[in-house]
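Over in TrEMBL, the protein carries these features:
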TRANSMEM  B:22-40  transmembrane segment
TRANSMEM  B:46-66  transmembrane segment
TRANSMEM  B:78-95  transmembrane segment
TRANSMEM  B:101-120  transmembrane segment
TRANSMEM  B:174-193  transmembrane segment
TRANSMEM  B:224-242  transmembrane segment
TRANSMEM  B:262-286  transmembrane segment
TRANSMEM  B:298-320  transmembrane segment
Amino acid sequence: MTGWAVEAAGVEKRYGGVTALKGVDLRIPEGAIHGLIGPNGAGKSTLFDILCGITKPSGGRVSVLGMDVAALPAHHVARRGVGRTFQRTATFRDSTVRENLLFASYGRMRHSVLQRMARAPAWREDMAAFETRADAVLETCGLAHLSDQPAAALAYGTQRRLAVAVMLMNDPKILFLDEPVAGMNDAETAEFIALVRDIARGRTIVIVEHDMAAIGALCSEVLVMVDGAQVVSDTPERALAHPDVVAAYLGTDADD
Amino acid sequence: MTDITTGAPAGRARGGSASLKGAGLLALGIAAALAAGFGLGGDPFLLNLAGYTCGFAIFALSVNVMLGGLGEVPLGHCMFYGIGAYAPAMAMNHAGLPYEAGVAIGMVVAALIAAPIGWLTLHLTGAYFSIVSWGLSGVAMVTALNLDVTGGPLGLFGFSRLAVGPFDLSRPQTYFFVAAAILLAVLVVLYHVRGSRFGRAMEAIRQGPHLARSLGIDVFRERLKALVLSAPIAALAGALSLPYTQIVTPEVMSVLRTVDALLAALIGGVGLIFGPAVGAVIFTILPQFLDLDPNVKVLVFSLLIILVMVAAPGGLHQLWKAAAARLSHARKGDAP
Ligand SMILES: Nc1ncnc2c1ncn2[C@@H]1O[C@H](COP(=O)(O)OP(=O)(O)OP(=O)(O)O)[C@@H](O)[C@H]1O
Ligand SMILES: [Mg+2]
């Protein structure tokens, strides 16, 4: 490996007449917690989608964990260690917390329908490995006591932790979090920050967030994007003090 | 409850109770079939109808692999039912093959045709998938109407011997027992499919295709597998209609057949393994008792669907579930 979890250069994305990304460069060292900030419509989620192989870039080069993600289907990218949560929180709402994790273990399981019917060793091993891993992940994410709750019934902040738990089942090497603390109260945010620190060991984390306190608490470096272009990449303190960033945020604060 | 709904042994403690419950339901099904088989008092008409209903229930189950499993409305599924009905008819009438061989051929052909059809249509979702699938079944119907081997508009009839091994399906009671046994077998298979890795992938895709994909699930491939699994089940259902109908005409591929199965699944509950089968029984028995005109039947069932959707959006089984929950709640409340 190169030591870089993400290497992107000149990434462009056009949607018809709209240019969502205008040549973004991004390098994230392995093991870092990296921030990505910018006003609404800056192209942060679009960049996430490209890094996860869900959206294909219109131009530029993108390498994640050494993979050319632009050339791979999204499920391949996911299977090779790239996890992400969605801005509009996505969980399997009709199912319980534990079933959510069961769906998430798809990639770690091998048994066939026939092996399941025969209760063959392959099935039992898959299920035993799942139980062990699920228990550990539920513990980490503080969801152990909610294991049998339907996902849809969980409080909003808890659903966000479930979304992280679901991704942790696959033990991703890099995890993208799209506005994870949006809508959380201070206590929930503090808990979530602790969770991210906890799960950051041994993996790279990239966070899009409007909550600058959370960014400041977690990130070693942050990339600021405005209008599809990068403005500055620096420590959170210095990036936020940058005159262009101040201008961009003041400009949008008015309509928020 | 959730164990049955997802077929998943969700927890260590509940794994055993899920399979116990499954075995209990199976025993109940067998008992019900035996009671019906002997209880219908040897009335050949009712027994034949009951056998046909088992076939229809299997078709509803097949349709529900797509509806309850993937959240798609497979309007064109009647094509696979039709293939399943035509295959043994053609095998017997043109090739002198036994009925069972024709059934097997029909199931294989249905799966083989489902693969390319799925390849073409499953990139679409929602109404787009439904309409294209319906269109393809229309093509199949027109083909059956115009070919000689399918007997054109008159169809095929005058079959030699409808039998499965030693079981003569022209005897109404035998027909019913064989159809009921196959229905139970299909239920068992689908129960295990749901609890398997593949079944969970389907459920994940139904609930959130984007999240499923981000978890490494090949959404298109799993959807394709679901269609290729459900097509031979539909074909089996079509084949089981022969002892009752004694004829196959292009009509067998009418989209109304799919609509009937969809209604049955919705009434019985798409989230429950045996929901569509229960719905199919209600769907056949009710009009029989009320002696409904086919057109009135559609009206009655449409109204019934609306009522079910308002009172229990998950199907009738939700009402049972709610009732059971209330009962056990009351019992707990009474306990000191
Ligand atoms: N599928 C799409 N089709 C057309 N335009 C799109 C599409 N997705 C994003 N855009 C446009 O691209 C731009 C960037 O959107 P994006 O969602 O990436 O912004 P963002 O930085 O995540 O904003 P927010 O903070 O509001 O989440 C916006 O102008 C948006 O309208
Ligand atoms: Mg966004």
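Glycine residues also receive a Cβ, built from the backbone N, Cα and C atoms like all the rest.
Two recorded stretches are said to be in contact when at least 3 C-beta pairs lie under 8 angstroms, sequence spacing 6 or more; the transmembrane segment (B:262-286) and the transmembrane segment (B:78-95) fall short of this definition. Spatially, the transmembrane segment (B:22-40) is adjacent to the transmembrane segment (B:174-193); three or more Cβ-Cβ distances between them are under 8 Å for residues at least 6 apart in sequence. Tertiary proximity for the transmembrane segment (B:101-120) is limited to same-chain residues at least six positions away from its ends with a CB under 8 Å from its CB atoms, namely 76, 79-80, 83-92, 132-133, 136, 223-224, 227-228, 230-232, 234-236, 238-239.
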